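Database features, via Swiss-Prot:
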{"type": "BINDING", "residues": "Gly60, Pro61, Ser62, Gly63, Cys64, Gly65, Lys66, Ser67", "note": "ATP binding site"}
{"type": "COMPBIAS", "residues": "1-11", "note": "compositional bias 'Polar residues'"}
{"type": "DOMAIN", "residues": "28-269", "note": "domain 'ABC transporter'"}
{"type": "REGION", "residues": "1-21", "note": "region 'Disordered'"}
Amino acid sequence: MSEISIATSVPSGPGPLIGNQPDGPAKVIVRDLNFYYGQNHALKHINLSLAANRVTAFIGPSGCGKSTLLRVFNRMYDLYPGQRAEGQVMLDGNNILDPKLDLNLLRARVGMVFQKPTPFPMTIYENIAFGIRLYEKISKSEMDGRVEKALRSAALWNEVKDKLNASGLSLSGGQQQRLCIARTIAVRPEVILFDEPCSALDPISTAKIEELIDELKEDYTIAIVTHNMQQAARVSESTAFMYLGELIEFGPTNKIFTSPNDRRTQDYITGRFG
């Protein structure tokens with residue numbers, strides 16, 4: 001895809017109460033996005049932008065559409081029949097919903113880390129090298145360097161450098177999740193999607209992942225879905241609150257958590273429903 005300049009504003013029309021937009025240029029702009037599971041209208045007229053090199057958190061009760069939205073960003077829904085998206089999702093000015101789009105290239109540019117760690121049943125080294133080989137042919141020495149760099153970026157190198165030939169499944173839950181992050185980083189994405197990345201982890205592992213996310217935003221644009229309000233407040237610059245497939249409110253995280261404009265946002269954050 002070509003790199004072209006893009007506007008950073010979100011168009012008017014059906015949509016949420018939107019506060020001040022995040023500082024800096026937008027990496028992703030969503031325009032009047034609708035998504036359907038068969039006849040079920042799961043996402044309704046979504047408009048927002050993801051700022052480059054920032055963390056955007058998506059919060060809301062179960063079934064509100066936040067994970068569905070995340071899966072639109074890398075066309076994961078294409079793997080399942082009967083699902084479709086309408087509207088525009090612009091990545092550096094190119095609509096990723098274009099049916100002619102190369103999905104392998106898109107998923108290299110937009111990586112995803114899932115709720116439960118999903119290491120491949122292979123060695124730690126091969127977990128990282130596998131994805132690189134899908135897109136590039138490089139020498140063994142270059143591969144060694146890429147594997148080390150990815151593991152260092154995921155704050156895992158020092159823990160596994162002496163056992164790279166051990167199974168990825170032999171690692172602890174928190175280490176497995178960081179291995180999955182390293183695997184995502186290894187193919188050099190531009191955007192990383194995190195879908196409840198800490199829900200299966202203990203508090204210590206969660207703290208490591210949160211610290212890692214804060215470091216990763218220097219190089220990547222990040223979107224995270226979380227049910228943990230404290231986590232959203234800690235890691236993100238912008239927060240989107242979703243309810244029943246609609247984007248209710250979107251703006252700076254501090255504003256969303258301290259003085260939201262919509263009563264439903266306030267009620268959810270304070271635990272009155274959800």
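Placed from the backbone N, Cα and C atoms, the Cβ positions cover glycine too.
Summary for the binding-site residues Ser62, Ser67: the Cβ-based neighbour count within 10 Å is maximal at Ser67. Most other Cβ atoms within 10 A: among the binding-site residues Gly60, Pro61, Gly63, that distinction falls to Gly60. Of all Cβ atoms in the protein chains displayed, 24 besides its own lie within 10 Å of the Cβ of Cys64 (ATP binding site). Its own atom aside, the Cβ of Gly65 (ATP binding site) has 22 Cβ atoms within 10 angstroms in the protein chains shown.
For Lys66 (ATP binding site), the Cβ neighbour count at a 10 Å cut-off comes to 27, with all displayed protein chains included.
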